[in-house]
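Notes to accompany the following structure.
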Amino acid sequence: MKIATWNVNSLRARADRVEDWLRRSDVDVLAIQETKCKDENFPWELFENNDYEVAHFGFSQWNGVAIASRVGLDDVERTFEGQPAFGKGGKDPVQEARAIAATCGGVRIWSLYVPNGRALADEHMPYKLSWLDTLNKLAGQWITENPEAQIALMGDWNIAPLDEDVWDIDFFRDNGMTHVSAPERDAFNAFLETRFTDVVRPYTPGPKTYTYWDYTQLRFPKGEGMRIDFTLASPALAARVTGASIDREERKGKGASDHAPVIVELG
DNA sequence: ATGGTGGCAGAGCCA
């Protein structure tokens with residue numbers, strides 16, 4: 001079984017590329033982030049025509065997460081329990097469309113789009129940290145309740161856990177950029193303390209191994225990217241992993257997402 | 001090449 005995660009940065013703008021990739025990638029499950037659409041605009045037929053079931057959670061032009069599967073799609077859950085809400089400028093806080101789960105082929109798949117902190121002192125940063133902390137505590141409960149649970153936390157984490165996960169750590173430090181700060185890394189590493197593991201890194205060692213390249217500044221041609229898309233697996237799922245890859249080729253050419261798909265192979 | 005991002009509710013906003 002092959003499972004993958006991909007921040008597509010608009011599913012409608014990327015429909016042809018996503019369909020082409022689905023056909024040649026041969027993945028059984030695809031966790032998608034940033035569909036950037038509401039259910040009413042979602043390209044359901046793209047998946048149905050290729051024999052995938054799909055579940056989507058999106059209610060505005062922002063965020064949006066989905067799971068496509070050809071090995072079953074059961075017990076769909078939109079948002080995680082206690083998922084922090086965010087209200088900009090005093091607006092009523094809402095639980096954003098950043099998390100959807102489904103059980104596919106016996107694996108509990110979570111497609112996650114972790115909030116972008118925007119800036120170290122921005123109000124989005126504590127939101128990001130509490131979002132991760134809440135999810136981690138919940139995920140820890142899942143493992144405690146069932147040590148054999150096969151859980152995949154897949155998506156765009158908007159964190160670069162290691163210095164080598166960005167193209168120039170000094171550039172990030174000197175400019176006070178997000179994704180590499182200690183609080184963000186602590187929030188990510190807390191999942192490792194909960195016994196989730198990054199099952200992709202061992203098969204895709206750095207340095208200079210990335211999953212995202214900014215559209216600006218010719219970042220992709222210059223090889224200046226970031227590793228911010230991860231699959232964290234519960235112990236029982238991690239034990240099944242036989243391989244992983246990052247499809248850097250998919251970042252090439254006109255109409256590419258700024259993120260590459262990340263694939264995990266299960267035995 | 002004095003520019004050089006790309007989505008979205010089409011204008012700012014978001015990443």
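Just so you know, glycine gets a Cβ as well, placed from its N, Cα and C.
Predicted automatically and left uncurated, TrEMBL annotations should be read as such.
The domain 'Endonuclease/exonuclease/phosphatase' annotation in TrEMBL covers A:4-259.
Around the Cβ of A:Asn7 (Mg(2+) binding site), a 10 Å sphere holds 25 further Cβ atoms from the protein chains shown. For the recorded site, A:Asn7 (Mg(2+) binding site), the DSSP three-state label reads strand. Residues annotated as Mg(2+) binding site in TrEMBL: A:Asn7, A:Glu34, A:Asp156, A:Asn158, A:Asp258, A:His259.
Under the heading active site, TrEMBL lists A:Tyr113. Counting every protein chain shown, the number of other Cβ atoms lying within 10 Å of the Cβ of A:Tyr113 (active site) is 24.
Look at TrEMBL and you will find A:Asn158 tagged as site 'Transition state stabilizer'. With a cut-off of 8 Å between CB atoms and residues at least 6 apart in sequence, the same chain places A:Val114, A:Pro115, A:Asn116, A:Gly117, A:Lys128, A:Thr178, A:His179, A:Glu184, A:Ile228 near A:Asn158 (Mg(2+) binding site), listed in sequence order.
There are 25 other Cβ atoms within 10 Å of the Cβ belonging to A:Asp229 (site 'Important for catalytic activity'). Positions annotated as site 'Important for catalytic activity' by TrEMBL: A:Asp229.
Taken from TrEMBL, the feature site 'Interaction with DNA substrate' applies to A:His259. Its Cβ taken as reference, A:His259 (Mg(2+) binding site) is surrounded by 25 other Cβ atoms within 10 Å in the chains shown. DSSP classifies A:His259 (Mg(2+) binding site) as strand under the three-state reduction.
The active site, proton acceptor annotation in TrEMBL covers A:His259.
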Between the C-alpha atoms of A:Asn7 (Mg(2+) binding site) and A:Asp229 (site 'Important for catalytic activity'), the distance in angstrom, to the nearest integer, is 8
In whole Å, how far is A:Asp229 (site 'Important for catalytic activity') from A:His259 (Mg(2+) binding site) when you measure between their Cα atoms? 8
For A:Asp229 (site 'Important for catalytic activity'), which DSSP three-state class applies? strand
Looking at the recorded positions listed here (A:Glu34, A:Asp156, A:Asp229, A:Asp258), whose Cα lies nearest to that of A:Tyr113 (active site)? A:Asp156
